[in-house]
């Protein structure tokens, strides 16, 4: 791979940033094409499948449309099956993921600020310990979390089979903490804090009014990643929630899939529900894309 840096001619007295141009070899282009195909092919299959009924699903080519279309029938079945419980699951997922995103962004922003701007005993070992938890698979923590929640519930504070049993553990985001510390280090200089303290600003005002607006890209980035993680979480709500009315979409669609036996064939309906469940994530990325893309690049550069 060869690369060259070109600086476009200035226009109106302004000089544009250098642009790195890369020339890809045919082999590299082929590998990129294979990876793109591998990533997009399942989504294409899902998109094609929502236009079919169960008979067409098994009798026609899987990667192309069939006639006649059954899209409207599939969508109607999704929202009317079992008295329209899919809508309840959809609302649950939105509420859970939004609460997780807001809570995780707040905890990571405050904790990242503390690790970046304050000095206290055991700061570096504690931060290293927190980073070490990133290597622990989240699925390995589900059972210990369930036992903790069960013990708390037995002590008089009922958490099992409530949304809090799912939301509270999801507020802890070690990678989000690490990311926010990088943002605080790069976007909020210590000199600005000292100047604000000299002017009589309180620590709370420095954080909320001076610092937080400067790291909004990082906050949105952590919130968006936490939203996706909460939306896609399956094992934690599986352990914590018993009531069907409290299920998120991931768990609800799994229940439908497990009941797809005998004469009740729900294949295309489940695939349609799965595609509908993707749409809020796409909308979130489109709405907040300019924040988190700029935030990632800003947090990656310190200085």
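Even glycines carry a Cβ here, placed using N, Cα and C.
What TrEMBL says about this one:
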TRANSMEM  29-51  transmembrane segment
DOMAIN    90-287  domain 'ABC transmembrane type-1'
TRANSMEM  94-115  transmembrane segment
TRANSMEM  127-149  transmembrane segment
TRANSMEM  164-184  transmembrane segment
TRANSMEM  205-231  transmembrane segment
TRANSMEM  266-288  transmembrane segment
Within-chain partners of the transmembrane segment (29-51) [C-beta distance under 8 Å, separation at least 6 from its ends]: 57, 62-66, 69-71, 74-75, 268, 271-272, 274-275
Best-contacting stretch, by C-beta pairs under 8 Å, relative to the transmembrane segment (127-149) and drawn from 94-115, 164-184, 205-231, 266-288: 164-184
